[in-house]
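Worksheet for the structure shown next.
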């Protein structure tokens with residue numbers, strides 16, 4: 001093969017697989033037409049595939065296989081996508097293919113693998129594609145040996161560390177490190193700025209935190225610069241204007257603060273996204289004159305003023321314009337109406353001083369989506385005789401103070417998505433809505449609707465896929481759902497009676513939320529093939545059906561706060577996708593579900609307030625399984641026995657800190673149609689005695705355990721110190737004995753620690769006093785002795801946190817220790833405050849009035865994730881449904 005033929009770009013790989021049959025053998029192992037591949041190369045390839053489970057290869061990419069050099073017979077191109085399961089080892093036979101030019105191993109299941117340094121031996125590589133494999137750890141320094149490399153894609157892994165060493169990769173054209181856990185600063189001396197051939201750079205969704213070096217301006221060949229969702233701060237360097245070849249510039253979701261960046265020289269710019277920063281000032285008039293600009297996103301900044309649109313801008317190419325959540329004046333509307341090629345427009349939360357008239361958009365004949373949420377809308381413009389572009393497919397009018405159903409929707413025959421939640425509409429939903437021929441997604445939550453007009457048949461036979469009616473005034477029996485329904489949510493209404501069996505006839509149903517109603521009777525045994533099931537806070541009875549895990553698609557099950565009995569279904573062992581399981585506050589009587597350790601993705605297990613009994617240690621007294629578990633909440637049951645010292649050693653996910661995990665969120669999304677779909681992000685309301693912490697989104701780096709209110713005994717396992725991601729530990733009200741493990745001082749992220757009402761002895765480890773985030777500690781009613789550590793976080797606690805230990809002394813207790821050396825004046829001040837402190841303690845059971853709980857809740861909601869705080873005495877998990885990502889994944 002000639003040298004020119006070997007210089008393949010990524011797309012060329014597909015072409016070669018299509019036209020060069022004489023050089024291909026595929027992974028179904030029908031070795032036809034393999035004359036060019038030498039026998040020893042075929043044997044080596046077979047040896048490589050034997051290192052993995054290749055059962056997925058039969059249904060994988062049809063272009064999978066290898067391609068050999070016609071002159072040497074050596075493997076030159078290897079593509080195995082969505083095919084391999086296992087571990088890519090450092091001594092893999094892959095690294096013996098020294099003639100390889102292109103390797104594509106994207107979307108395999110290589111979890112728990114570090115990125116092998118052996119790749120550095122493949123010095124002829126020109127393209128290396130390793131995205132979506134779950135690789136851990138740092139990029140080996142041996143990668144700098146790949147001096148021929150032109151394309152490197154390591155995106156969608158779990159790689160950590162600072163920016164990898166790429167010095168020597170001077171031929172690199174494409175570098176994609178997005179969706180990893182890289183952190184640290186980008187300094188001007190970084191090897192990144194030696195890559196002068198670079199055309200595509202994507203560092204999005206990492207944890208870099210620094211200013212943007214001016215040396216970005218030296219990468220003159222850059223065409224795509226994507227730095228979204230990091231911690232970049234400060235000003236955008238003026239040298240960015242040197243990148244005159246840029247077609248895409250994404251700086252969104254950072255902490256950048258400056259006036260509008262200098263982009264007027266970027267005459268090739270096609271997409272510009274500066275959303276979710278702190279840019280201020282006005283939009284320069286020159287921006288809208290850029291000849292190729294089609295996508296402009298400036299959401300959630302501090303931009304103000306108006307937008308100047310010259311007469312020539314009526315022929316602007318601008319198709320996407322997102323200006324929501326800024327401080328623009330009302331005059332912005334008229335100039336925008338001149339941008340006649342607009343297809344997607346977001347003007348939400350403009351805070352205009354007058355109602356918006358929808359007629360202003362009548363000139364936008366191509367408009368497909370319009371978001372005016374958070375603005376006052378002229379009631380006259382919502383009537384059926386008003387005008388709005390008939391091309392509209394998506395209309396969002398949340399928080400618009402609308403009190404009557406908009407009849408203008410009757411005219412929108414192209415409408416696919418409608419969200420008019422969080423308004424003041426009441427009465428019944430009009431029958432004509434379900435007659436819109438293309439309607440797929442309807443969100444009417446947080447209004448005052450009481451029912452449906454007309455025949456139920458119209459709704460049943462509609463085209464609706466997603467229907468969300470949360471927080472209204474519906475009551476009575478659940479309506480018959482559309483035959484095509486995929487996601488349905490009616491949380492926080494007053495529905496009664498049993499869940500109808502007709503729901504089982506909706507074969508496409510994937511997500512259902514019936515929480516916070518008054519449903520009675522059993523969970524229908526016919527429910528199956530669902531992904532998200534939220535039934536919490538009803539009056540459901542009977543056992544949890546075995547069929548819920550048919551098809552292994554179940555990802556989240558929350559049946560908390562019902563009257564369920566029986567045992568956990570053993571069929572759950574087949575729920576390979578299950579991440580969240582919550583059965584809090586039921587009457588389930590069972591032993592600890594050790595068998596759930598077979599679930600590879602389980603992150604949250606909450607069994608609180610049931611009738612579970614017996615040991616929670618495996619029969620062999622070894623470590624507990626659950627490598628991905630982060631929230632483990634089993635309080636107020638009847639668990640007994642002791643825990644071995646190595647109990648926690650397999651909890652790999654809880655051992656990784658935020659810096660290692662990058663602070664990613666627990667997110668799930670599914671796209672249903674062109675502009676979006678449904679999804680959810682898991683929100684966390686973590687409240688322990690003395691600590692209240694709210695997160696609208698639950699970071700995957702958080703971990704919490706609660707064993708309180710059981711009959712556990714023996715020593716606290718020393719291995720608890722391995723769980724560096726722990727922010728909350730509650731083992732109170734048990735019979736633990738022995739010393740507090742010294743290893744707990746390693747829990748540097750710990751914010752709440754409750755070990756009260758046990759039989760612990762010895763001293764409080766001094767290391768606990770140096771945990772900087774520890775906002776609450778309670779070791780009362782044990783048998784502890786000695787001086788209380790005098791770290792800042794300890795001495796600030798209430799004295800009730802240490803009472804009931806006859807041998808304890810030192811602040812904040814009034815019993816002083818001999819030789820503490822505390823200043824007499826300090827002791828006097830403490831005595832002066834005693835009476836006041838005692839009165840305060842009578843009024844508050846927890847520090848600063850913060851209650852004990854980890855809140856769990858659920859709600860299907862298409863649109864933005866809205867954090868909902870549900871306070872109770874013990875930990876719960878708050879799961880929210882979000883959806884419609886109109887731009888791209890966050």
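Each residue, glycine too, has its Cβ placed from N, Cα and C.
Pulled from Swiss-Prot, these are the features on record:
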type	residues	note
SIGNAL	1-22	signal peptide
TOPO_DOM	23-850	topological domain 'Extracellular'
CARBOHYD	58	N-linked glycosylation site
CARBOHYD	70	N-linked glycosylation site
CARBOHYD	145	N-linked glycosylation site
REPEAT	146-171	repeat 'LRR 3'
CARBOHYD	189	N-linked glycosylation site
CARBOHYD	207	N-linked glycosylation site
REPEAT	220-243	repeat 'LRR 6'
CARBOHYD	242	N-linked glycosylation site
CARBOHYD	265	N-linked glycosylation site
REPEAT	270-290	repeat 'LRR 8'
REPEAT	291-316	repeat 'LRR 9'
CARBOHYD	311	N-linked glycosylation site
REPEAT	318-339	repeat 'LRR 10'
CARBOHYD	351	N-linked glycosylation site
REPEAT	462-485	repeat 'LRR 16'
REPEAT	507-527	repeat 'LRR 18'
CARBOHYD	518	N-linked glycosylation site
REPEAT	528-551	repeat 'LRR 19'
CARBOHYD	574	N-linked glycosylation site
REPEAT	577-598	repeat 'LRR 21'
REPEAT	626-650	repeat 'LRR 23'
REPEAT	748-771	repeat 'LRR 26'
REPEAT	773-796	repeat 'LRR 27'
CARBOHYD	778	N-linked glycosylation site
TRANSMEM	851-871	transmembrane segment
TOPO_DOM	872-890	topological domain 'Cytoplasmic'
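When Cβ neighbours within 10 Å are tallied across all protein chains shown, the highest count among the glycosylation sites 70, 242, 518, 778 belongs to 778.
Considering only the glycosylation sites 70, 189, 207, 265, 351, 778, the residues lying within 10 A of residue 242 (N-linked glycosylation site) on a C-alpha to C-alpha basis are 265.
Cβ atoms under 8 Å from those of the repeat 'LRR 18' (507-527) belong to residues 465, 470, 478, 481, 484-501, 533-548, 553, 558-559, 564, 670, 678, 680, 857-860, 881 of the same chain, restricted to positions at least 6 beyond its ends. A coil conformation is recorded for residue 70 (N-linked glycosylation site) in the three-state DSSP classification, outside any helix or strand. For the repeat 'LRR 23' (626-650), the DSSP counts in helix, strand and coil order read 0 helix, 7 strand, 18 coil. Annotation: stretch 626-650 has the most Cβ pairs under 8 Å to the repeat 'LRR 21' (577-598), among 220-243, 270-290, 626-650. Counting only the Cα atoms, the space from residue 70 (N-linked glycosylation site) to residue 189 (N-linked glycosylation site) is about 43 angstrom. Non-local neighbours of the repeat 'LRR 6' (220-243) in the same chain are 178, 196-214, 249-258, 261-266, 268, 273, 890; each lies 6+ residues outside the stretch with a CB under 8 Å from one of its CB atoms. For residue 265 (N-linked glycosylation site), the same-chain residues 6+ apart in sequence whose C-beta sits under 8 angstroms from its C-beta are 241, 242, 244. In this structure, of the glycosylation sites 145, 351, 574, the smallest number of CB atoms within 10 A of the CB marks 351. Long-range contacts of the repeat 'LRR 23' (626-650) within the same chain: residues 579, 584, 592, 596-597, 600-617, 700, 702-720, 722-723, 725, 730, 854, 874-877, each at least 6 residues beyond the stretch ends and with a Cβ under 8 Å from a Cβ of the stretch. The list of residues near the repeat 'LRR 26' (748-771) in space but at least 6 beyond its ends in sequence, with Cβ under 8 angstroms from a Cβ of it, reads 657-658, 686, 688-691, 693, 708, 716, 724-742, 777-794, 801, 804, 808.
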